Amino acid sequence: MIYTTTLLSSRGGLIGSLINKVRQVVAKDWPPSAPYRANDTDHRPLPLTPPRPLAAASISNSPAGQSKTLEEQVGLPPRPKKPLTPYFRFMREQRPKLVASNPKITTIEVVRQLSREWSDADAQLKLRLQADYKKDQQIYMEERTKYDATLTDEQRAEIKQLKQDIVDAKERRQLRKRVKELGRPKKPASAFLRFIVSERTNTPQAAKQTYREWHQKTTAKWTRLSDSEKEVYMQEARKEMELYRKAITVWEEKMIRLGHIDVVRHGNLIDPPEPKPRKSQAAKEK
């Protein structure tokens, strides 16, 4: 069965992920197997690499080579990468030609155009790409099996924990975004932060002074203030904090009525969810 990918979905997440993957594929795997030149007058030799399985690229937004894999974070060599699927092999071959014929084309238009071309592509071409994919997939499975056999139980546990940390961080980001979209009242600034803001106007940063130096100097100034001098900022902070408490109570009651329990502070729920165990506690239980 020929592998196909639907790109013209109305969901922006799918298009965005595929666009990022396209960028990584182009960056990692140029030139294509049949060298192509946008300019026939350019006779410089194209850089060619030894044959190897085409590795599927990460869909991360971070530039290739800057972020470490989970295995590298625990001191291991990077694991073998999955080979490119037939569609992305097709894209790798056809994209340079499409961009050369239309240099101003956007990445999303490249994806859409190649998706249409892939749907109408010759069956023999798809079979060839599928055969190449299966061949590299077999190589990948053998390399991955050998790689996994070298991992210790401690390394596996550490990699598993790193994966969970990534999931937890993503959930926190999504929750912060959700809370913002639902219009949660913002917590007011503390007395110290109010002092910092006022000092930005009263005693601005000097031309040859770094922000770190200015902040350290301002913090030292705050510690030297008398209680009466600090009280001005404390009163403002207390007044706004009281307004915030009333606003957040009204907002959370509204969220409970609307069914958005996940954005309400657990202390205000009759039946709060079970807290996640900390790493240290989980390790002791094991």
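Backbone N, Cα and C atoms are what each Cβ position is placed from, and that goes for glycine too.
Here TrEMBL flags 31-82, 267-286 as region 'Disordered'. The compositional bias 'Polar residues' annotation in TrEMBL covers 58-68. The DNA-binding region annotation in TrEMBL covers 80-148, 185-252. Residues or ranges marked as domain 'HMG box' in TrEMBL: 80-148, 185-252.
Within the domain 'HMG box' (80-148), the DSSP-based counts of helix, strand and coil residues read 55 helix, 1 strand, 13 coil. Taken through DSSP, the DNA-binding region (185-252) splits into 52 helix, 0 strand, 16 coil. Per-residue confidence over the DNA-binding region (185-252) averages 93 (mean pLDDT, predicted model).
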